[in-house]
Amino acid sequence: MADKAQIQAAIKVQGEVVRKLKAEKANKEQIDEEVAKLLELKAQLGGDEGKHQFVLKTAKGTRDYNPKQMAIREKVFNTIVSCFKRHGAETIDTPVFELKETLTGKYGEDSKLIYDLKDQGGELLSLRYDLTVPFARYLAMNKITNIKRYHIAKVYRRDNPAMTRGRYREFYQCDFDIAGQYDPMIPDAECLKIVHEILSELELGDFRIKVNDRRILDGMFAVCGVPDEKFRTICSTVDKLDKMAWEDVKNEMVKDKGLSEEVADQIGNYVSMQGGMDLAERLLQDPKLSQSKQACAGLMDMKQLFSYLELFQVTDKVVFDLSLARGLDYYTGIIYEAVLMQTLPAPTPTSQEQNGAVGEDAGVSVGSVAGGGRYDGLVGMFDPKGKKVPCVGVSIGIERIFSIMEQKAEASAEKVRTTETQVLVASAQKNLLEERLRLTAELWNAGIKAEVMYKKNPKLLSQLQHCEETGIPLVAILGEQELKDGVVKLRTVATREEADVSRAELVNEIKKRTSES
């Protein structure tokens, strides 16, 4: 361990870093991270008796959710799940860790982000990186050849977190997949319709869904002169076009990946193209690209896809974009990604630098909010006989969506309720605890969401204040006279109006009033 003088010097330096960040009004996550480092250094010095002081913090790239945040999150989940159910999906669950070999070799260059678990003297395990590979394993293991399922669960990536933009090491994914042998592009079109529905319902602002096809990309690489063995690695580089300028992407292709400038420039011509069905038709006539059978098959399917998207009335938001690559190795056909068009409330320079969101694209500072594609070969990788089950799916980027919803809630004056209590049972006089508890039980038994203060003789004012603070809309007030008359005084918190309601009618009256609000 470093000696005391060294640690004290480091504490001084780290203290300066924290002060500087606070003075510059840097983003909260960055300040918290540096404060945590400072606390760790102080803990190394130990307490008065040289005891190691425990630092209370969440692990890097993770976070707690307070009741207000959970209320917003629940609303988002409900919107997404009801959409999945509207489209006839059922749900499954899989273990949070898988055998390491299940995950190995499925994610291309991102494999380095997989969390391996320490060997517990048995199987070598890793935390799941996404929900798609476990789904493919589940299908192969249970010999399932067709299913339409959704799965909402946490996944883990040893990423460099940029928490201001909703990027974490532990985060939820919401997946919807259709497995089975069907006619081309019908399930694929439904996946895009689902993305359109969810993003529209959540009212996140204007968005675009970019689509491309792995076969078109591979065909393009082939006709431009990229060697076969470099397809996947060049694909990963093209995938960075939403974060880096073309010059930097070209640089990586030429200097790091060994392509000639001429080949890179040819790729550059294609990846700048965007359009709709018209672009697919134009590329089918392209003297170069039309030489690739693969690309032609992809382009024919793209035309078919756009005809279905027109029927689903979503073409206003969908764009055929040749620069879309999606770095994952398992995609075999159509690929897509949804991005928000508006800028979030001024992100700090640090969060942009971390993510390379610079230049004109800084407007899309939240990154992609949904993505997916067709992966016809993945299930076959797990089947002993290599039996393929065609699949297409979409993953909704819940954390990024949640970041936006949270910022919107903070910006608006609207109060987020964290409970669903409909009525507080209160009393205006002393010695009525038993009566309050009796009425509360009656309401609970009738399915009413009710609360009661945990005091024998609470003041009426403090009971009413509790309702104001937590947003409880109604108060059922008991007093000696009300008990004699067999009524309850029902008070509306917002308007302060009161009315006597007979005990027999109370449940119906509460239901009526709370369904109106």
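FYI, residue positions are counted from 1 along the chain as it appears here.
Cβ from N, Cα, C; glycine included.
Quick look at what TrEMBL annotates:
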| type | residues | note |
| --- | --- | --- |
| DOMAIN | 3-59 | domain 'WHEP-TRS' |
| DOMAIN | 32-345 | domain 'Aminoacyl-transfer RNA synthetases class-II family profile' |
| BINDING | D130, L131, T132, R157, Q173, D177, R326, Y330, Y331 | L-histidine binding site |
PLDDT averaged over every residue in the domain 'Aminoacyl-transfer RNA synthetases class-II family profile' (32-345): 90
Surrounding CB atoms that lie within 10 Å of the CB of T132 (L-histidine binding site), all protein chains: 26
Farthest-apart CA atoms of D130, L131, T132, R157, Q173, D177, R326, Y330, Y331, residues recorded for L-histidine, distance in Å: 21
Nonlocal neighbours by CB distance (under 8 Å) for Q173 (L-histidine binding site), same chain, sequence gap 6 or more: D130, L131, H151, I152, A153, K154, V155, S395, I396, I398
Tally of residues which DSSP labels helix, strand or coil - the domain 'WHEP-TRS' (3-59): 38 helix, 0 strand, 19 coil
